[in-house]
Amino acid sequence: MPNISTESVNTTIAPSQPASIPKDTATLFNPAKPTAMPAQSSTDSVQPYHHKANHNQNRSVEQSSEVVSAASAKTTTATTNAPVNAAPKIGFVSLGCPKALVDSERIITELSRDGYQVASDYEGADLVVVNTCGFIESAVQESLDAIGEAISKNGKVIVTGCLGKEADKIREMHPAVLAVTGAHAYDDVIRAVALHVPKPDCGLDASYDPKIDLINEAGIKLTPSHYAYLKISEGCNHRCTFCIIPSLRGDLVSRPIDSVMNEALALKKAGVKELLIISQDTSAYGLDLKYKTSFWNGMPLKSKFYDLCQALNDLGIWVRLHYVYPYPHVDKVVELMGEKKLLPYLDIPFQHASHRILKAMKRPAHSENTLARIHAWREICPDIVIRSTFVVGFPGETEEDFQCLLDWLVEARLDRVGAFTYSEVEGAVANDLPNHVPEDVKQERYERLMTLQQDISAQKLQEKIGKTLMVLVDEIDREEGVAICRSYADAPEIDGHVYVDDIDAHVKVGQFLTVTIDDASEYDLFASYKG
């Protein structure tokens, strides 16, 4: 692995810490290059890992291995009577969004509990699992390329994830794959691995139990140890015409609230400082359960978005909400933010502003209503940061429709914006809509949108100069004496950074600092820390 100057997140397992991967290594080696990202903002040429149109959490064989190699440090001392026979090694490639990343974490955790190890490269793996993405056509191609690379470099490959629904397509292109499963088919993946690479025999010492000795309650995480994604539901009840997620992952299925809170508490106990709440439709949480009441810590809790937010707040760590639809009950959650009970950050995929295009998309919102809601939220919580994504060049989009979107952005003054040009996805209803927009027009509109938003972002960040902010340290460059941090306004991977100069040796990754903002660019802040 190449040398790097930044200080890695500590991955050594203590009894109260989850295994995790250093964020530094996240882009050093990818079997399948992340070319399947949607068109990204104009900042990507300068900051290639930020301001993405979607969360992209690609992880490679090498990166996945570092997670469990950290866990081996614990088992070396905690299970000295473990079998001397080498455990089989599984390679892992994880493509796509944070929801898929959580699926990968769960599969790796279960395999590790069964005594498997994670390989550091294709050649050292007894088998490779590829967790695929099928959200847009370029993601499909990236996944197929990753499968092909795994087959050519290893030969024994199991495919899972969203593209697994297209098993015939996968087998037609790659007939050598051993098994294909769909999204969140955890047990099917575990069984397929065990079929082709039998579980290790731990019978030499009956006291050795990898389910107890290897992994703690928090499980293995593919994120740095100070933040983690917490998935609260799967699937979606909406039928947006550009999206095939419901056909890949099904209708909304919410986790009972006690299950969510048990995982959240385990992550806090493991040292996590920030929880990123994710799902396909976060604010619809509990709808399918009819808001069933469960008991947690002796208290009744409804499986309801607002109640969940209240309970998560009581943990006393950062809680960040992603993929929130602007339903009316979100207003009450913003009130919690105004009371300093949640991070004042909302990731809401508005997608467009033209009523005609929103109707063609089958989106459950109207631009005038969303503008009114944004203004109301800022009255309730003046510090609120709003991130959104938009589709440019949707079929039938006219210049008038696009100008409506630009005018809306001027009025809304969003803090963070990602965008991508529309592309066909096999199975999407929008493919059959008339008047598709030429590619050159899509790109020209995309660039105009991002230029406008860049100016808005720069203006908003200039207003931060001279103020103090609490930031969370993600990385440290000891040679330069700079801490790379995030404030409440910055989600990992997709938003900006706060660069803090002249830090001392006592500053650590995962630590909170109170800093003074000295300068700003279009997307990042620059600060000083007095200790």
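The backbone N, Cα and C atoms fix where each Cβ goes, and this holds for glycine too.
The Cβ of Cys240 ([4Fe-4S] cluster 2 binding site) lies under 8 Å from the Cβ of Gln351, Met361, Lys362, Arg363, each of these being in the same chain and 6 or more residues away along the sequence. Under DSSP, Cys240 ([4Fe-4S] cluster 2 binding site) is assigned to coil, being neither helix nor strand in the three-state scheme. The [4Fe-4S] cluster 2 binding site annotation in Swiss-Prot covers Cys236, Cys240, Cys243 and is backed by sequence analysis.
The annotation compositional bias 'Polar residues' is assigned in Swiss-Prot to 1-19 (among others).
For 55-67 (among others), the entry in Swiss-Prot reads compositional bias 'Polar residues'.
Feature annotation from Swiss-Prot assigns compositional bias 'Low complexity' to 68-77.
In the predicted model, residues of the domain 'MTTase N-terminal' (88-198) average a pLDDT of 91. According to Swiss-Prot, the feature domain 'MTTase N-terminal' maps to 88-198, an assignment based on sequence analysis.
Here Swiss-Prot flags 222-459 as domain 'Radical SAM core'.
Per Swiss-Prot, the feature domain 'TRAM' maps to 462-531.
As annotated by Swiss-Prot, region 'Disordered' applies to 1-77.
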CB contacts for Cys236 ([4Fe-4S] cluster 2 binding site) [other CB atoms within 10 A, all chains]: 22
Extra residues within 8 Å (Cβ to Cβ centroid of Cys236, Cys240, Cys243), [4Fe-4S] cluster 2: His238, Arg239, Phe242, Ile244, Ile245, Pro246, Gln280
